[in-house]
Every structure is written in C-alpha cells, then in structure tokens.
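Participant: Sharing the record's features from Swiss-Prot:
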SIGNAL    1-24  signal peptide
DISULFID  Cys134-Cys140  disulfide bond
TRANSMEM  183-203  transmembrane segment
DISULFID  Cys195-Cys317  disulfide bond
TRANSMEM  219-239  transmembrane segment
TRANSMEM  256-276  transmembrane segment
TRANSMEM  297-317  transmembrane segment
TRANSMEM  318-338  transmembrane segment
TRANSMEM  339-359  transmembrane segment
TRANSMEM  370-390  transmembrane segment
TRANSMEM  397-417  transmembrane segment
TRANSMEM  421-441  transmembrane segment
DOMAIN    438-578  domain 'Thioredoxin'
DISULFID  Cys493-Cys496  disulfide bond
Amino acid sequence: MAQRFITLILLLCSILLAPHSAQASLFGDNSSFGQKSSQSRFIPVDQAFAFDFRQQGDQLALSWQIHPDYYLYRQQIKIVPNNATFGAFTLPEGIAHRDEFYGEVAIFKQQLTLKIPITQAGERASVSVTYQGCAEAGFCYPPETRVVPLSAITAGSSAVTAPPIAAPATPAPAELPFSPLWALLIGIGIAFTPCVLPMYPLISAIILGREKPHSQRRILLLAIVYVQGMALTYTLLGLVVAAAGLQFQAALQHPYVLIGLSALFVLLALSMFGLYSLQLPSSLQTRLVQWSSSQRGGSLAGVFAMGALAGLICSPCTTAPLSAILLYIAQSGNMLAGGGTLYLYALGMGIPLVIVTLFGNKLLPRSGPWMQYVKEAFGFVILALPVFLLERVLGDVWGLRLWSLLAIAFFGWAFILSLKAHSGWARAFQLLLLAALLIAARPLQDWAFGSPTQQSEIKHLAFKQVADLPQLQAALAQAKGKPVMLDLYADWCVACKEFEKYTFSDEQVQRQLADTVLLQADVTANSAEHAALLKELNVLGLPTILFFDAPGNEIPAARVTGFMNASGFLQHLQNLPR
C-alpha cells in the first residue's frame with residue numbers, strides 16, 4: 001500500500017514538473033494548437049524593411065535594408081516633397097519578378113539606396129516616402145509612409161548634377177506596354193494610307209531637284225537625309241512631350257485624367273474611320289509648305305531642311321496616330337522611350353519613301369480602296385490605347401471585357417470587308433475570322449450569362465464588409481451567438497487573392513464555414529480608419545484571418561497570418577476550439 005502511494009506521488013510530481021508541451025498533450029489539443037498558431041512566422045515591417053535617411057548639403061540619401069526572403073515593390077515607392085524642390089533622379093531597374101495576379105513587376109532585395117539632389121528646401125521642408133513590400137512566404141505589409149525632415153537650402157546655394165535619365169518626384173517613369181519597335185511597324189503602315197502614299201512620287205521628285213541625274217549612291221544619300229530630317233522633328237516632339245509629361249506624371253496617373261485621356265484617344269480613333277478630319281490649320285500648312293518649297297532640292301542641307309519641315313505638316317491620315325502616340329508618351333513620362341518611339345515612327349514612314357526615291361514608282365502598289373482600309377485598321381490600333389489606360393482604373397476583369405469588345409469590333413469589321421472577295425482562300429479566311437470572333441466574345445458571354453465558375457466565386461465570397469472598428473464591433477454584436485471569421489483583405493496583397501482563388505473556393509472549406517458569420521475588412525486604401533483597425537487588432541500585414549467565439553471574443557490561438565492552402569486551412573478550421 002505504501003509502495004503504491006509513493007508511486008502515485010512520484011507520478012503526480014513528474015506531471016507537474018513536465019515541460020509545458022507534455023502537459024498540453026495530456027490536457028487536450030487546444031493548448032498545443034494555440035501555441036503553434038499564435039507564433040507569427042513574420043517580422044514587423046521595421047525589421048523587414050529597415051528604412052534610414054541622411055542629408056548632406058544638397059544631397060538626400062534614402063536607404064532600405066531588406067531582410068532575407070522579403071522584397072520591396074519598385075512601383076510602390078513614391079517620393080513626394082513638401083515645401084522643397086528636387087532635381088532629376090531615378091530608381092534602379094530592380095529585379096524582374098512575376099506575380100500571378102499582377103504580371104511582370106520589378107522588385108528590390110537585400111538593399112536599396114536612392115540619392116536625390118535637392119535644388120531648394122524652405123523652412124520646415126520635408127519629404128514623404130511611401131513604400132510597400134511582401135514576404136516570399138506569402139505575406140504583404142500595408143504601404144508605409146515616412147516623413148523625412150529636410151534642412152533649409154536656397155535655390156542658388158546648390159549645384160545639382162542630374163543623372164543621365166531624369167525622373168520626377170514620383171520616380172520610375174512608366175514603361176510603355178508596347179516595344180518601341182512597334183512604332184516602326186506603325187510608321188510603315190501609315191505610309192500606305194490614302195493621304196500619304198500618293199504623295200511619295202511627288203516628294204521623291206522634290207528631293208532630287210532639277211539638277212543633272214544623280215548616281216544611285218547620291219539618290220540613296222538624299223533620301224536618307226530627308227528621312228533623318230523628318231525623324232529629327234518627330235524625335236524632338238517626343239522628347240518635349242515626354243519632358244512635359246514628366247513634370248505632371250503624378251497628376252497624369254489620376255483616374256479622372258486617365259478617363260479623360262481615354263476619351264480623347266477614342267475621338268482620335270473616330271477620325272481614322274472618317275467621321276471627321278484632323279489636320280493643322282490651312283494657313284499654317286501653307287506657310288510650312290512655302291518654307292519647304294524655298295529649300296533647294298538635290299543639296300544635302302536643303303533636303304534635310306525639307307524633311308524637318310515635312311515632319312510638321314500633318315495630313316488627316318497622320319494627325320490622329322501622331323497625336324495618340326504623343327499623348328501616350330506624355331502619360332508615360334519616359335523621355336528615352338518617347339524620343340526613341342517617335343524616331344522609329346518617322347523611320348517607318350520614311351522607308352517606303354527611300355524605296356520610291358531609289359527605284360521609282362514601279363514598286364508602289366496601285367492606289368485603291370485598300371488604302372482607306374489601312375487607315376481604318378489604324379483606328380483600331382488607336383482604340384487599344386484607352387483600353388490600356390482604363391485597365392488601371394477599372395481593374396483586370398473589366399479590362400478583359402473591354403479587350404473582348406474591341407476584338408469583336410475588329411474581327412467583325414474584317415469579316416465584313418472579306419465578304420467583298422469571292423476567291424477560295426477568302427472563304428477560308430472568313431471562317432478564321434468567325435472563329436476569332438466567337439473566341440473574342442467569350443468574356444462578354446460569361447459576363448452576360450454567367451458561368452459555373454463565377455457562381456462558385458460569388459458563393460464563397462459572400463462576406464459582410466466592415467470598414468472600421470465600430471462596424472466590426474457592431475457586426476460581432478449582431479452575430480447572435482455564432483462564431484465569426486474576419487478576413488483582412490487588400491488589392492495590393494497577392495496572397496489575399498490566392499486565398500480567394502484557391503482556399504475560399506474549396507467546397508470542403510465552404511461547408512466547414514457554413515455556420516460561421518463571415519466578415520471582411522478591405523483595407524486597400526490604407527486610410528486612417530484602416531490603420532487604426534489594424535493597430536487595434538495588432539495586425540502586422542496581410543493576409544490575416546481572425547476568429548471570434550460565440551460571445552464575440554477573439555481566439556488568439558486561431559489567428560492565421562500568411563497564405564494557407566485549402567487542405568491546411570480546412571485542418572485549421574477543424575482544430576478550432578469549440
């Protein structure tokens with residue numbers, strides 16, 4: 001009996017002195033679950049992206065030490081001066097990175113240093129620095145904004161040496177969605193419009209002048225010099241417009257401005273379809289033609305001057321495409337791409353002219369209705385530009401629908417034109433156009449009539465939205481004794497979109513959450529209310545999912561940070577304390 005009593009005492013002591021994890025395994029799963037889930041895998045934003053700054057005279061240095069396995073988005077870095085003026089600066093190119101939902105983006109890893117020349121800084125001047133990044137494990141931080149105080153600098157006391165490529169106070173000029181080489185093809189295509197092609201024999205004769213016959217080498221040289229003069233005018237136009245857009249790049253990214261530019265592009269495209277004509281005032285055109293005619297044909301200087309003036313004489317066929325390209329370059333704010341794009345555009349228009357000057361009219365195709373069709377085709381090219389701009393405002397879903405609408409219009413137009421031909425190959429081409437038309441219409445069909453995929457998405461995304469802490473507290477009070485799940489979401493959070501696409505769409509996850517009140521806080525705007533909500537809930541970043549019991553108290557052990565696939569999330573739900 002005494003031996004049993006001693007054994008019982010020793011067993012009790014071993015339990016009391018055992019490690020906490022052993023006790024958890026004895027007293028149930030809840031403690032073990034809580035210990036595992038409450039430990040965040042992710043570090044605070046100040047440790048993930050250690051930000052520092054230093055001002056030495058008229059030079060401001062901004063630096064970030066980036067923790068391993070974390071990265072900053074290049075496009076999310078914004079520099080906004082207050083009561084100060086900066087010289088030209090640019091961000092490094094960054095590392096190419098592909099996001100499933102955002103496509104190709106540039107990121108920074110390990111370290112980033114940015115040096116900014118200060119041309120002027122008044123009393124109490126400062127600069128707002130905004131940046132945002134993520135962890136490779138599937139966790140994103142809200143945009144961080146730091147205010148850096150600046151020492152006063154007068155405009156005359158600083159000598160600034162600008163980098164070779166200029167950038168605005170909001171750095172990183174936007175990349176053009178097209179390769180500049182497309183401008184070369186567009187220029188060649190414009191050469192075959194009804195306002196341009198018939199003029200080439202006349203221009204060729206003016207270039208050669210009335211002197212004695214030239215050698216083939218001399219003819220080629222004169223034609224190239226004329227094209228280079230025209231290209232110089234276009235290149236200068238591109239640089240001037242890009243520089244102007246550079247000063248207002250932040251304003252040009254505003255949704256209302258993007259919508260206005262899109263409407264302007266549509267109006268330019270309509271002129272290509274013959275609704276109206278766009279060109280320089282006749283008085284100005286007459287004066288430019290007189291200046292051009294006064295130049296001496298056959299001489300290199302005179303031919304170059306004629307080419308430069310010809311770049312300013314816009315015909316109805318070239319005004320709309322040139323205006324569209326200039327507007328888009330201004331919106332991008334990229335001077336290098338702006339000048340290069342316009343140079344290639346002029347070069348494309350000049351290639352057929354060089355051929356005509358060198359070999360004569362025999363290589364030119366016959367004029368006919370097909371030239372008007374070429375002009376109309378470029379109307380569709382111009383219509384692609386507003387779709388690119390509106391995608392930034394409306395999002396990917398509506399962007400896809402706009403592309404679908406544009407493709408339907410183009411293939412329908414091409415099909416109607418093909419009906420005028422009666423050969424065998426034309427029938428095959430018509431079938432291809434009909435097939436393309438049906439494929440292009442698919443996004444609009446899914447939108448109009450719905451699809452099983454869309455219906456399932458609507459089902460699992462049936463969250464009740466809460467915008468701030470009072471709304472959350474009210475929603476918890478109205479839960480009527482049911483458990484509550486709060487999903488913290490933002491558009492800039494890639495892993496949040498992965499949760500939506502891969503985890504919340506799972507049928508087993510949906511069944512497990514059938515008796516749970518689903519709340520969602522969309523903190524995309526990162527407003528003061530959103531920041532207060534995240535601070536109150538002690539949230540480092542997104543995705544973060546919180547669970548509340550029936551009385552409305554959070555279950556700290558159940559919190560989820562970072563992406564979790566459907567099977568892992570389902571197991572997490574099944575292990576929730578009841």
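Each residue, glycine too, has its Cβ placed from N, Cα and C.
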Participant: To the nearest Å, how far is the Cα of Cys496 (disulfide bond) from the Cα of Cys134 (disulfide bond)?
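Facilitator: For Cys496 (disulfide bond) versus Cys134 (disulfide bond), the Cα atoms are 12 Å apart.
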Participant: Give the nonlocal contacts of the transmembrane segment (397-417) in its own chain as ranges (CB under 8 Å, at least six residues past its ends).
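Facilitator: Contacts of the transmembrane segment (397-417) (Cβ under 8 Å, skipping residues fewer than 6 from its ends): 373, 376, 380, 383-384, 387, 390-391, 430, 433-434, 436-437, 440-444, 447.
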Participant: Of the listed stretches (219-239, 256-276, 421-441), which one yields the highest count of Cβ-Cβ distances below 8 Å with the transmembrane segment (370-390)?
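Facilitator: Selected stretch: 256-276, with the most Cβ pairs under 8 Å.
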Participant: Could you tell me what the rest of the chain brings near the transmembrane segment (421-441), counting residues at least six beyond its ends with Cβ under 8 Å?
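Facilitator: Counting only partners 6 or more residues beyond its ends, the transmembrane segment (421-441) has Cβ contacts under 8 Å with 404, 407-408, 411-412, 414-415.
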Participant: Using a Cβ cut-off under 8 Å, which residues of the same chain at least 6 positions beyond either end of the transmembrane segment (219-239) come close to it?
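Facilitator: Result: 203-204, 207-208, 298, 300, 303-312, 322, 325-326, 329, 335, 338-343, 345-347, 349-351, 353-354, 357-358.
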Participant: Counting Cβ atoms within 10 Å of each candidate's own Cβ, which of the disulfide-bonded residues Cys134, Cys140, Cys496 comes out highest?
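Facilitator: When each Cβ's neighbours within 10 Å are tallied, Cys496 tops the list.
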Participant: Just to verify a number: CA distance, Cys140 (disulfide bond) to Cys493 (disulfide bond), in angstrom, no decimals.
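Facilitator: One finds 6 Å between the Cα atoms of these residues.
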Participant: Roughly how many Å lie between the Cα atoms of Cys134 (disulfide bond) and Cys493 (disulfide bond), rounded to a whole value?
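Facilitator: Counting only the Cα atoms, the answer is 8 Å.
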